Amino acid sequence: SSRNTFTNRKLKYISLAVLVVQNASLILSIRYVRTLPGDRFFTTSAVVMAEVLKVATCLLIVLLQKRCALKETLWFLLDSVVLQYQDTLKLAVPSLIYTLQNNLQYVAISNLPAATFQVTYQLKILTTALFSVLMLRKSLSRVQWVSLLLLFAGVAVVQVQQEGKKEAAVADASNQNYMVGLVAVVISCLSSGFAGVYFERILKGSSASVWMRNVQLGVFGTALGLLGMWWNDGGAVAERGFLFGYTGMVWCVIFNQAFGGLLVAVVVKYADNILKGFATSFSIIVSTVMSVYLFGFHVDLLFTAGAGLVIGAVYMYSLPKAPGGLPCPDPSSSSASTEPPRGAGGGEMEVFLPKSVLVK
């Protein structure tokens, strides 16, 4: 028994480390590759590539679950994706939102300092909570309402601090637009909140496997991502090629985006909400410290106060709540993710995977 407790505790700390590393490394690496001199890769192609890798991974897992019986797997896929097309179509809306969100994330991180993005992106907890109250008629505890107010205040303080520095930075970063980055992150937070709650609605009573759901999402995600790429960068991609500007570091970002979400979903089984809250808080600190070293980011009293409020709010929001209230949205994922309710069979369904990467 004591050995089991020790193993569980060990798994919890490993989970915490994985969540922090995934959270911080994705944002820092995107910021790094988007601010390097030289040829810039097409972010729309990176979103498509991450989707393709994610679908391929999920298909491989489905095949392994079917004990490598190729024929059985193909029939299962045909039945799940094509024959039950109404079920698949339900995922078109969140898939569209997530494709938009993944593209917006690149826009936001390309235009905002990594630490500022990381703090501001926590607004997704606020939007998820508000959509849960509006769409699912869920209730929040008093502590959670206070934490949401603190969260908003913290993000506002960071924006005021950045506003003061913006004028000085304009001359240095002519290709970066703070306002564009801020609008992108706000829309990303709104879409993250809506998609997470929408998922919870369509997954009630659903017994579909988490890997199958991701295949369905990925089919739409890839198609919509290609459409977005054609719309935004069609001519340039045709001229320069899909993989233009891809370096080893860009591939690292894409792999982190594709597998980070899957990894977090597996890890989250060993972590509780408090741990997920801690992971988000730690990753804000890690992103800030690394930003100072990597990008010469300047931390002052206002940023420290704002980030402190956000970290405190994330921790408060993930504290346990009396039964019957709102289950905390997962702040650890780099993107929207939601834990579905118990399936029709009564067994607890697997954690629904974050679609983005990220964000998680």
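Glycine is no exception: its Cβ is also placed from the backbone N, Cα and C atoms.
Look at TrEMBL and you will find 12-33, 45-64, 140-158, 178-199, 211-231, 243-268, 275-295, 301-319 tagged as transmembrane segment. Per TrEMBL, region 'Disordered' is recorded for 328-360.
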Candidate ranges 12-33, 45-64, 178-199, 275-295, 301-319 - greatest C-beta contact count to the transmembrane segment (211-231) (under 8 angstroms): 45-64
Positions whose Cβ lies under 8 angstroms from the transmembrane segment (45-64), at least six residues beyond its ends: 70, 73, 76-77, 99, 102-103, 106, 209, 211-212, 214-215, 218-219, 221-222, 225-226, 228-229, 233, 237, 242-244, 250, 253-255, 257-259, 261-262, 357
Segment proximity, the transmembrane segment (140-158) to the transmembrane segment (301-319), 3 or more C-beta pairs under 8 Å: yes
